[in-house]
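Below: one structure, written as structure tokens.
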Amino acid sequence: RELLTLGREEGHRPSITMATRPGPLTEWPWQCMGSFKYLVLAPAALHTAHRVVTKGWGDMSLAYAAILPALLLRMIHNQIWISLSRHQTARRKHIIVDRGLEFDQVDRESSWDDQIIFNGLFFYLAYAAVPNVSRMPVWITEGAIITALLHIGPVEFLYYWFHRALHHHFLYSRYHSHHHASIVTEPITSVIHPFAEHVVYFLLFSIPMMTPIFMGCGSVLAVVLYITYIDFMNNMGHCNFELVPKHIFHVFPALKYLMYTPSFHSLHHTQFRTNYSLFMPFYDYIYNTMDSSTDELYERTLKGTEETPDLVHLTHMTNLRSTYHLRVGIASIASRPSESPVWYMWMIWPVAWLSMVLAWVYGSSAFVIESLTLKKFKMQTWAIPRYNFHYGLIWQRESINSLIEKAILDADGRGVRVLSLGLLNQAKQLNGSGELFTQKYPKLRVRLVDGSGLATAVVLKSIPLYTKQVFLFGSSSKVAHATATALCKRGVQVIMNQKNEYDMLKLRVLESSTAYLKFSSDEIPQIWIGDIIDDKQQRRAPSRTIFIPTSQFPLKKTRKDCTYLSTPAMKIPETMQNVHACEYLVFAPVALQTAYRVVTKGWGDMNLAYAAILPALLLRMLHNQIWISLSRHQTARRKHIIVDRSLEFEQVDRERSWDDQIILSGLYFYLAYAAIPSVRLMPMWETKGAIIMALLHAGPVEFLYYWFHRALHHHFLYSRYHSHHHASIVTEPITSVIHPFAEMLVYFLLFLIPMLIPILMGYGSILGIVLYVAYIDFMNNMGHCNFELLPKWIFQVFPPLKYLMYTPSYHSLHHTQFRTNYSLFMPFYDYIYNTMDKSTDELYERTLIGTEETPDVVHLTHMTTLQSTYHLRVGIASIASRPSDNPVWYVWMIWPMAWLSMVLAWIYGSSAFVVESLKLKKFKMQTWVIPRYNFQYGLIRERESINRLIEKAILDADVRGVKVLSLGLLNQAW
């Protein structure tokens, strides 16, 4: 039973065909980033945001402000051409090359927006490098004329000869064959070239744009209009349908030399050695490379004939997302399964909403969305411009029926043989499965079908051979009735327990077969057939019952001792052409019944990536706890302390929720496992993926964090969000993750870049992600630990390390000075943007040397019970701040940790250790702990050992100049 996926199975990564012998600079620099390639524009976008925040809109140049809107308009312009082209080629009236597209071409052309990103980078670069750009006015007529003349002259000439050179076998095999792999062109085919070609094209098109700017007569509108002209002509030349009216060449005959037609350029893609010109064919006339059939093809395709399909499937829109998945919708989404959404889908929902409103208001007839060919059999899919929710509105039924009726009459008038009513267009309450129209128009030549015959055949095929009895559970669907009728005709007894359904079905069964239809509430055979069989009804079935659904939806599995069948899907034949959009492939000659793949997985089938999530979260908590204990011990010693101030209970309470971010990341990891097929395929280790992860962190993550962090220090965001983090002047490791939820979301999305991109590229690994998360935790904890620990020699051995790794002193200055040291873990952006605090190096060296603090008083205590381990200041942070008689709920879960610490203290505890430092004005106090527990003081054989520990502590205090040492509790026992 094969699902209708057509090579779009989960985890499938399409291979993008390049040139036959790819040369240097074939791939785009950001190809490895996949859908995240737009991050290359992030520096420019963040720079713009920074300028707006710091200087306001008034200081921004018109040229600079126009760049991003111009790029967005280009994408909209191209998308309009894609939709128009696919609609017209589906109608097939003016189609030029009448062949189907393949998925290979769709995959190859999915990167059509690369050139927009590339152009955007150049526009930002031109603004930064050319002073005249920032001074451009809105419009200068002289500059626009120069732009037009430069295009007609050098650009068209240079392009013609460069294009001819690209067809030399050396360059063609290495570069241009990638573009010509598309014999059947679409508007987006126009920009599918290797990177090196695009560089040359951009340099060519820069001539008319940059020359007027250098002459001082450049204008913003002239540049935008010129780019629009390039996009318009490119899209039109590759749209594969003829649309240029003939009369414009009669009115202005010279126009045939100044503007090409879609037919002109389509011939270049089929003949290869003719029609080389860019947009103006006069060089083909001059150098005698004009294809002789150009005019004949133009006139023939312009005249055209509306294709009459053999079959039309009449469907409708489902939800708002179905707008994207239409063949005339978003190209990059239409070729993907609906359950495999793209990351930017949420950004374009207004487009879907607007299309729904327009379809509701102005949609007066069905429209063609797809044409398919199976050998000589021609099929089309027409869509009623209404959505699922419309069919549930009683007052919309008349309107919908009129649209269906209009489509049926149109198909009948055009000579269509069969029209299949799909989905809700055949609803019984709407038109009685089409009977309303057959009764109203008894002389219809087109045959109306609803696919129930095929569905009935599939259900009958699923019933085991030699079955003598079946139980039909109360369904009034056409498929259920047809199945029951066929079974009775075969001599199989059909038992029903609902009187109304039984009486209705008895009228339809042939009189010779009625003996096999039986009403009974007691007899329940082991073969059940039905549309919706709820949990309560399933429990009535005997053991080993086989449940067979009569709809495309599988039944909910309630019983483990029963068998549940799913309706088989049907595979599209390989001979079917023009299949390249997934969502509506079910709209083939008949209404195909599809099945949901229901897979039940036991523990033995558990994926390694899934199994690693919980241990990884526990290791993170353990890692953080080690840093908390280490930090509190070192700051209690006060030798290398950076900010010598005390903590307050208010800060301790505020930072008690440090584990919230671990819970959040855990939820995201489980979500990623469920939503991204590639996660489930990850190996344990992939070196290439780890390298990509490191580069992505050093590049976009550090850059984006720097500017986001600076934005957080703007008074608007600081007062509302970031001040919560900066309320802690004296930091601890857990301070690093104390942020408002909104901030944590942004940080998580940032860190998601290096984790997710290698996964989507197919290079992700479990160990790579675990190590990256451990690196984030390590650097975060170290930066907030408030004591200096990095030895100076590592910066002497490897000097560039000072730009690649910060120190605790560096980040502590950010918490005390606020306006310096903004970087994440690598301070090089602070050096670049001159925000490095001048005292960073001096503070580092001073705190690294440090001096051991000599307290005035030492209180020498010991451990009491196992629980006391938690309550030490160097113990569990969230427990140490609570009274011992107010335990937290999870104490019982961590007792192994306390037991282990007791064993280690007993074996390796050779001296007292500092757990706390206190101050009373200028009076300094410390608490030292003997690493022994209450029960050990009761062991006679342990007394000598304990006395040696106390003696050692007293001598240590004496040498250090402690004035008073207080023996606490059992340390003073008689």
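Heads up, the Cβ atoms here are built off N, Cα and C, so glycines get one too.
Between the stretches 569-588, 689-708, TrEMBL puts its transmembrane segment entry on 689-708. Counting C-beta pairs under 8 angstroms (sequence separation of 6 or more), the transmembrane segment (689-708) reaches the transmembrane segment (745-774) with 3 or more such pairs. Remote same-chain partners of the transmembrane segment (745-774), defined as residues 6 or more beyond its termini with a Cβ less than 8 Å from a stretch Cβ, comprise 13, 32-36, 39, 608-609, 612, 616, 619-620, 623, 661, 664-665, 668, 672, 676, 678-679, 682-686, 688-690, 692-694, 696-697, 700-701, 704-705, 708, 739. Across all of the domain 'Very-long-chain aldehyde decarbonylase CER1-like C-terminal' (470-585), the predicted model scores a mean pLDDT of 81. Look at the domain 'Fatty acid hydroxylase' (150-289): DSSP puts its residues at 97 helix, 1 strand, 42 coil.
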